[in-house]
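Trainee: As annotated by TrEMBL, signal peptide applies to 1-23. Per TrEMBL, active site, charge relay system is recorded for His148, Ser150, Glu162. Per TrEMBL, the feature site 'Critical for activity' maps to Asn151.
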Amino acid sequence: MKRLFCLAVLSALMAGQASLAQADGVEFSVGQTGESTMTYRLGVQFDWDKSWLQSDIGRLTGYWDGAYTYWDGKDYKDNHSLSFSPVLVYEFGNGNVKPYVEAGIGVSVFSNTQVEDRKFGSAFNFEDRVGFGLRFAGGHEVGIRATHYSNAGIKQPNDGVESYALHYKMPF
C-alpha cells in the first residue's frame, strides 16, 4: 500500500509540475478531527473562470482543488492523503469583500486506512465538503470548512472521518 501511495504522489507531482504554472492560488489549512487528530493541508486551486446565475445578489462559480493533507494523530501518526475535487462556490455581492458558501464532492487516497479509532475499508475514499468564508480584492481568501471522508459503503468497515479546518488562499 505504501508503494502504491508513493507512486501516486510521484505521479501527481510530475503531472502537476506542468499545470502548476496555471494554478490560480495555493491554499493552506489547519484543522482537527472529532478524534483530535490535527490536519495540515496544502492545496492548489484552478478557477473555472465561468459564472452562472449572476445577479445583484451574487454569482455561482467554481474551481478544481488538488491537495495533500498530513494527518497527525496521537496513535496513528504519519498518515497522508491526496485529494482532487470540483467545488461549486456561490459568491455574494460585487464589492471588494465577498462572502461565499461552497460545496464539493471529490476523491481521495490515504496512505493508512485508519485515522485514530476510525477505520476505512480501503485507501480510496470520497471527500465531501461544505464551507463558507470571505474573498478579498486581489484574490486572497479566508474561510472555515467541514470535510467528510468515507468510501460510501464500497468496502467495510466504513467509519469515515470529519475534519474541521480554517483555511487561507493566497493568489498567484
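Using the three backbone atoms N, Cα and C, a Cβ is placed for every residue, glycine included.
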Trainee: Specify the count of other C-beta atoms within 10 Å of the C-beta of His148 (active site, charge relay system).
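Mentor: Result for His148 (active site, charge relay system): 15 other Cβ atoms within 10 Å.
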Trainee: In DSSP terms, helix, strand or coil for Asn151 (site 'Critical for activity')?
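Mentor: Asn151 (site 'Critical for activity') sits in coil per DSSP, no helix or strand.
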Trainee: Return only the integer: C-alpha distance in Å from Glu162 (active site, charge relay system) to His148 (active site, charge relay system).
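Mentor: So the alpha carbons of Glu162 (active site, charge relay system) and His148 (active site, charge relay system) sit roughly 4 Å from each other.
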Trainee: Going along the chain, which residues six or more apart from Asn151 (site 'Critical for activity') have their CB under 8 A from its CB?
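Mentor: Same-chain residues close to Asn151 (site 'Critical for activity') (Cβ under 8 Å, separated by 6 or more) are Phe120, Gly121, Ser122, Phe124, Asn125, Phe126, Asn158.
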Trainee: Who sits close to Ser150 (active site, charge relay system): which same-chain residues at least 6 apart have their Cβ under 8 Å from its Cβ?
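Mentor: Within the chain, Ser150 (active site, charge relay system) has Cβ neighbours under 8 Å at Phe120, Asn125, Phe126, Asn158, Asp159, Gly160, Val161.
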